[in-house]
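Visitor: Starting off with a structure, shown below.
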Amino acid sequence: MSHNDTIVAQATPPGRGGVGILRISGLKARDVAQEVLGKLPKPRYADYLPFKDVDGSALDQGIALWFPGPNSFTGEDVLELQGHGGPVILDLLLKRILTLPGVRIARPGEFSERAFLNDKLDLAQAEAIADLIDASSEQAARSALNSLQGAFSARVNHLVEALTHLRIYVEAAIDFPDEEIDFLSDGKIEAQLNGVIADLDAVRTEARQGSLLREGMKVVIAGRPNAGKSSLLNALAGREAAIVTDIAGTTRDVLREHIHIDGMPLHIIDTAGLRDASDEVERIGIERAWQEIEQADRVLFMVDGTTTDAVDPADIWPDFIARLPKNLPITVVRNKADITGETLGISEVNGHSLVRLSARTGEGVDVLRNHLKQSMGFDTNMEGGFLARRRHLQALAEAAEHLEQGKAQLLGAWAGELLAEELRLAQQSLSEITGEFTSDDLLGRIFSSFCIGK
């Protein structure tokens with residue numbers, strides 16, 4: 001599909017509504033206005049008039065907005081038709097527009113993609129549009145808006161600019177080796193490099209917070225049957241999301257709940273009780289439980305406190321611990337403290353966190369909530385933050401690695417050429433965030449996840 005085509009799509013959600021909006025962008029948008037409206041509206045003024053069919057009869061009436069390029073969202077000529085939000089009406093109007101030559105249905109995210117290609121947005125800002133639409137909390141929405149307004153891009157561009165100046169200095173030292181002053185060893189380059197590394201570390205810290213806001217934390221509740229896993233899911237969710245009985249093996253499939261702890265999304269997964277099962281349905285549920293455990297950010301190892309006094313997970317169930325993926329964080333949750341009389345709270349046992357609570361009464365659950373928030377390093381007091389994606393974290397990590405490699409070359413061998421190459425690679429990694437250096441495949445993956453009308 002060509003970017004020279006004129007595209008059209010519904011910009012409002014499908015289904016019935018008070019208002020339905022069709023968006024048209026491209027060279028033929030002017031022709032669409034002439035054919036459907038009978039005239040070209042005054043730029044950036046709301047015009048109330050009928051929307052006409054091929055034979056001149058009215059299909060609907062509403063507001064038309066005309067944004068001639070380059071002063072539009074996409075940078076192209078853009079026409080918006082705001083009519084009644086009935087699916088039949090919008091479908092008739094869409095079919096009418098598609099009868100015109102050179103007009104086609106937009107691909108998902110194509111309006112935002114054209115805005116990016118026409119330098120109306122950088123890539124991080126374009127992604128922020130989708131993140132703002134998908135925001136699951138007020139804090140996530142505010143951070144996504146900050147990204148859309150350029151907060152994240154400004155931080156990245158500052159780093160790129162600092163690297164550009166540093167590269168100029170290093171290249172000069174390489175090109176003029178006969179100067180009386182040895183620029184590579186006089187300490188100035190090292191000082192500037194340390195400054196860039198410190199600034200990058202600060203951006204990475206904020207980006208990790210932004211990623212938590214966007215992606216959340218996947219927590220799997222696992223343990224033996226009847227340990228209270230479903231009761232804990234209900235306590236964390238604040239509602240009866242799972243069936244709770246005294247019958248072992250009640251939960252046979254994976255149950256998912258999405259909650260927020262002070263703005264941080266938490267994806268809680270309740271799993272079937274782990275045991276050697278002869279029942280085929282239960283056996284499948286247990287296999288699914290292990291699949292979820294292997295993909296978790298943290299596992300809550302649920303223990304029935306009435307069955308054992310052990311607190312070390314290796315003593316409680318060594319086979320379970322042995323099967324866990326290496327380096328997967330676990331929190332031991334000793335349940336039924338209301339029966340055992342154990343002191344509620346959190347402690348450390350052989351490097352593992354141990355929480356004592358009662359899922360049935362809810363006592364101690366707030367301690368667990370706070371522990372989950374702290375274990376992910378989530379800071380609820382960070383103001384003016386931005387949202388970040390996993391690809392952003394990866395790009396920042398790659399840039400940091402190149403800078404550390406460059407510093408090692410500088411201090412170890414005064415190797416200016418190798419330092420210059422590491423600085424170039426770091427700059428390239430950062431530029432991938434804003435799209436100044438990005439492959440077509442990556443662009444395709446990013447924009448294909450957008451809404452059709454975006």
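Keep in mind that glycine also has a Cβ here, set from the backbone N, Cα and C atoms.
Not measured: the values here are computed from a predicted model.
As listed in Swiss-Prot for this protein:
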type: BINDING; residues: ARG23, GLU80, LYS120, LYS454; note: (6S)-5-formyl-5,6,7,8-tetrahydrofolate binding site
type: BINDING; residues: 226-231, 245-251, 270-273, 335-338, 358-360; note: GTP binding site
type: BINDING; residues: ASN226, THR245, ILE247, THR250; note: K(+) binding site
type: BINDING; residues: SER230, THR251; note: Mg(2+) binding site
type: DOMAIN; residues: 216-377; note: domain 'TrmE-type G'
Visitor: Near the Cβ of ASN226 (GTP binding site), how many other Cβ atoms are there if near means within 10 Å?
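Guide: ASN226 (GTP binding site) is surrounded by 21 other Cβ atoms within 10 Å.
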Visitor: Other Cβ atoms within 10 Å is the metric here; tell me which of the binding-site residues ARG23, LYS120, LYS229, LYS336 scores highest.
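Guide: When each Cβ's neighbours within 10 Å are tallied, LYS229 tops the list.
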Visitor: Express the distance between the Cα positions of SER358 (GTP binding site) and ARG23 ((6S)-5-formyl-5,6,7,8-tetrahydrofolate binding site) as a whole number of Å.
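Guide: ARG23 ((6S)-5-formyl-5,6,7,8-tetrahydrofolate binding site) has its Cα 54 Å from the Cα of SER358 (GTP binding site).
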Visitor: Count the Cβ atoms, other than its own, that fall within 10 Å of the Cβ of ALA272 (GTP binding site), considering every protein chain shown.
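Guide: I get 27 for this one.
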Visitor: Would you list, in sequence order, the binding-site residues among ARG23, GLU80, LYS120, ALA272, LYS336 whose CA lies within 10 Å of the CA of SER230 (Mg(2+) binding site)?
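Guide: Those near SER230 (Mg(2+) binding site) - Cα within 10 Å - are ALA272, in sequence order.
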Visitor: With an 8 Å cut-off on Cβ-Cβ distance and a minimum sequence separation of at least 6, pull the same-chain contacts of GLU80 ((6S)-5-formyl-5,6,7,8-tetrahydrofolate binding site), or say none.
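Guide: Residues satisfying the criterion: ALA11, ILE21, LEU22, ARG23, ILE24, ALA64, LEU65, PHE67.
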Visitor: Measuring Cα to Cα, tell me the gap between ASN226 (GTP binding site) and LYS120 ((6S)-5-formyl-5,6,7,8-tetrahydrofolate binding site) in whole angstrom.
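Guide: Roughly 57 Å, rounded to the nearest whole number.
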Visitor: Is it possible to get the count of other C-beta atoms within 10 angstroms of the C-beta of SER230 (Mg(2+) binding site)?
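Guide: A 10 Å sphere around the Cβ of SER230 (Mg(2+) binding site) contains 24 other Cβ atoms.
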Visitor: Which of the three DSSP states, helix, strand or coil, fits LYS120 ((6S)-5-formyl-5,6,7,8-tetrahydrofolate binding site)?
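Guide: Once the DSSP labels are grouped into three classes, LYS120 ((6S)-5-formyl-5,6,7,8-tetrahydrofolate binding site) ends up as coil.
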Visitor: Between LYS120 ((6S)-5-formyl-5,6,7,8-tetrahydrofolate binding site) and ALA272 (GTP binding site), what C-alpha distance do you get in Å?
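Guide: One finds 50 Å between the Cα atoms of these residues.
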Visitor: Note the mean pLDDT of the domain 'TrmE-type G' (216-377), expressed as a whole number.
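Guide: That stretch averages a pLDDT of 85.
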Visitor: Please classify the secondary structure at ALA272 (GTP binding site) using three-state DSSP.
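Guide: In the DSSP reduction, ALA272 (GTP binding site) maps to coil.
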